[in-house]
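Only one structure is covered here, and it is reproduced in the block below.
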Amino acid sequence: MGASHSGPDTRELRELSEKTGFSVDQIENLNRRFQQLSKNKETLRREDFDKVTDLDVNPIRAQIIEAFFDKRNYSGMQTGPVEEINFEQFLTVMSHFRPLKARMTEEQIASLRKEKLQFLFNMYDIDADGKISLEDYRHLVEDLLSRNPHLGKESASVTSIADAAMLEAVTIIKGQMEPHQVYEGMTFEDFVKIWEGIDIETKMHVRFLNVETPHFCK
Amino acid sequence: MWLGNLPRSSSRRGTYLFLLVFLLGTVLPLGVASSPDSHGTDAPQDTKHEASNGHGHHGNESHTAVKKAFPVLNFEYESVRLPFEIALWILLASLMKLGFHLIPRLSSFVPESCLLIVVGLLVGGLIKIVGEKSPVLHSQIFFLYLLPPIILDAGYFLPIRPFSENIGTILVFAVIGTLWNSFFIGGLLYGVCQIGGKDLEKIGLLPNLLFGAIISAVDPVAVLAVFEEIHINELLHILVFGESLLNDAVTVVLYHLFEEYAGVGSVTFLDVPLGFICFFVVALGGVFVGLAYGLLAAFTSRFTTHTRVIEPLFAFLYSYMAYLSAEVFHLSGIMALIACGVVMRPYIEANISHKSHTTIKYFLKMWSSVSETLIFIFLGVSTVAGPHSWNWTFVICTLVFCLVARVLGVVGLTYIINKFRIVKLTTKDQFIIAYGGLRGAIAFSLGYLLPPDHFPMRDMFLTAIITVIFFTVFVQGMTIQPLVDLLAVKKKQETKRSINEEIHSQFLDHLLTGIEDVCGHYGHHHWKDKLNRFNKKYIKKCLIAGDRSKEPQLIAFYHKMEMKQAIELVETGGIAKIPSAVSTVSMQNIQPKQKVTERALPQLSKGKEEEIRKILRTNLQKTRQRLRSYNRHTLVADPYEDAWNQMLIRRQKVKQMEKRMNNYLTVPANHPDSPTMSRARLSSDPNAYIPKPKAGIPAITVDPASPQSPESLNLVDELSKRTEEEEEEGIVMKMHTPSTDEVFTSNNAEKEQRLMRCLSDPGPHPEGEEEEPFLP
């Protein structure tokens, strides 16, 4: 696995660790994975994700890959897609999936939760207009059902499910609405409201291992 | 309830009086019935009497006995004795349960299990006073008849997600926790026995260890009974409950191991690894047996479309067979039953009719409730009746050691487990887990099973077991609710599964699986995803009938939800219970801005829309009556005009209903008869008139038995298929567009159809009348 690229040195590692919240071991592990995917180049492009064959059966594959290349998921305030990402950006995106640490204050937990919800929001909001509209919801449901070969009448079911879901969500958010008012789309605050009862911070995590995992070269 | 009409004080007195009289009334015949001896002497006389009379009736010539007058009234009890007793006991149990909930405040601070044991004590006492021999809870009856319904109920309705997420923790508590408990208690008791009085010295190490094994297992029946009422949060509930279910394997192995060798007197070192292997065999074997029967049940249910009535029977029989088969090989019957229930549930639910599903649910609940009640009552009765041998040292030490072992075990194991858990268990959680370790009837029955010749100290064991059970159920059971409130433990959140949640959780699953794949390590999501895909690709095809096998989970869930909401609304009558926070959000509020496309239809202003709507509504009221006689569909319905009035009343309700409906449900305009719906229709009324689909006419069936909305949802909107405008206007939010459209079909006014379409967004006014020909 060509070790020609030395990767970030210890000082950079520590910086990254502080910024993203991973431990140094985890960062090294992820770095190895990054090298593997990018064929030891500095940056990762969309095509490199083709190597992860497991993703092929994932119905939301495109959106997951897009999430890596979406500027909204980096620490800045920019929006829009990028063509290639470096390791730091890769790590930043991954850091959204950190589990809760043992001792976290209430505020830390709240901010972690907000971070994760923002990531989710960005994934739902495909057209990046800051709102999740009915169209976005329909795309979402369509994707989720897209892996099913059977659906001949999919459009009807998709639209009905998406509409019901949106209706329900809006009911939670707004409560009462006059018939002539139009609801443009969910903003981030509304989105947070829907997730109120659910502890996303415990659900949305991936176990990042400290020890080296056997990589399957795909 | 007649009780409700009386003033408060007299009603309470009345209830007490009722209970007392009833108790006496049933106990006496029960006591008399239960003892075979008192009838032993009478029986031969009676039968002889019967025989003589019987023969006398047929042929006088063959019998030279004394001829009595033909008995008009006979008393023959022996032949019905057994079923009579059983039925009487079950009746007593159920009436007791009924009685508790009539007493106003008792059930809120005393858990039902305590009350039932008290009743059992009373009954046992009464029987003893009367002088009869009281029935004891025979272990065979307990294990073969009383325990399986409870376990099956638990397994069938086991919440899979939290269970599988916490399976590691549950297994650690169940296996290692129980092992620790048994050895700790057994070992310490042995020590106590050695230094105790001279009675205790005779008890060797092995009997003590056996006793430890029996007493250390947390009992699912008791846990269920108590935790049901305290509504604790899901995590803790599943931890304690899961532990109580899975520790059965450990208990079985330890019990048989020690019992086997207690007779011999010693355990060699070879037996320890054999014990380990036995444990795996017992546990995995039980699960395997359950799995096999579960798959069989699922497969059978695939073919039951024509014999809906016996569908629930298959579910019950296969599960019971799984339990019995496991017991034959001394495998863990409980785990077999759980595995069977868990495995067969998704497939059976996809295959069987809605009514069968309800039947299964209610039968299971009913049986498990009755079983539970009987178990506790019998426990009380056995306490009074059973031979006791009280030994202060032994009993007190047992109690103390049980508590100490439990606390130490939980704390120690949590410390280790928390290193691997994402959601750590807090001290409060640990306290509840430790406090919730209740013992129950399983321990008693296992003790009862001990052969007295090998275990001369059996009576003392039984006494100690009963003391521990009483302590845990009464003290811990009664105080856990106030403690939960005191410690402000998180309660169960009453969230209804919504379509949003389903979408989000599926999305999250896929997202996390994807991220894991990108990271390159095969984590827990990856395997879950693989299992799901395998399930979808191969297993579902075999086990689920027809089209349902390919239905994606999201759509199945959506249908289920629609159905549930529809039924709910019909049941509440629509009118009465419109919640104050009814949302007026409807489809038109969330429609995305329409792209301006060419419409053949003039744009109407709001005022005009209202006018048109009003006109149409009034017209429809008239036209319905007019059209009743010559609409193609109502021609068939003419003979049923009497029922039309019933229809009118129901329509009132429906009008109210749709107001709420419109907020929740959407009608996919092109929605064909999904197999779920058609099956629901078919199954709910086998004689439903199924009209042949005529070209251009919507197919309508009205099944008065089932809620109207699903049928309405089924109606194929012929008109909407024809028009391309369908896309532009979004979703038609009406339930009964087709009906109203069908009215217009006969007039065939194209314009009116289009008007109906554009007016289809329900304003605050109820929509136009629906025309529903009454077909049987």
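Note: Cβ is positioned from N, Cα and C throughout, glycine not excepted.
If you check TrEMBL, you get these features:
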REGION    B:35-62  region 'Disordered'
DOMAIN    B:90-484  domain 'Cation/H+ exchanger transmembrane'
TRANSMEM  B:115-131  transmembrane segment
TRANSMEM  B:137-158  transmembrane segment
TRANSMEM  B:170-192  transmembrane segment
TRANSMEM  B:204-226  transmembrane segment
TRANSMEM  B:238-258  transmembrane segment
TRANSMEM  B:274-299  transmembrane segment
TRANSMEM  B:329-348  transmembrane segment
TRANSMEM  B:369-386  transmembrane segment
TRANSMEM  B:392-418  transmembrane segment
TRANSMEM  B:430-450  transmembrane segment
TRANSMEM  B:462-488  transmembrane segment
DOMAIN    B:581-678  domain 'Sodium/hydrogen exchanger regulatory region'
REGION    B:720-776  region 'Disordered'
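Note on the transmembrane segment (B:430-450): residues 136-139, 142-143, 146-147, 173, 210-211, 214-215, 217-223, 226-227, 232, 236, 239-240, 251, 255, 259, 375-376, 378-379, 382, 402, 406-407, 409-411, 414, 458, 461-462, 465-466, 468-469, 472-473, 476-477, 480, 483-484, 487, 489 of its chain, located 6 or more positions outside it, place their CB under 8 angstroms from a CB of the stretch. Contact counts against the transmembrane segment (B:238-258), taken as Cβ pairs under 8 Å, peak for B:170-192 among the stretches B:170-192, B:369-386, B:462-488.
Along the domain 'Sodium/hydrogen exchanger regulatory region' (B:581-678), the predicted structure has mean pLDDT 55.
Counting residues 6+ beyond its ends, the transmembrane segment (B:392-418) has Cβ neighbours under 8 Å at 168-169, 172-173, 176-177, 180-181, 184-185, 188-189, 192-193, 196-197, 200, 211, 215-216, 424-425, 429-430, 433-434, 437, 439, 460, 463-464, 467-468, 471 in the same chain. Between the transmembrane segment (B:329-348) and the transmembrane segment (B:274-299) there are 3 or more Cβ pairs closer than 8 Å, counting only residues 6 or more apart in sequence, so the two stretches are in contact.
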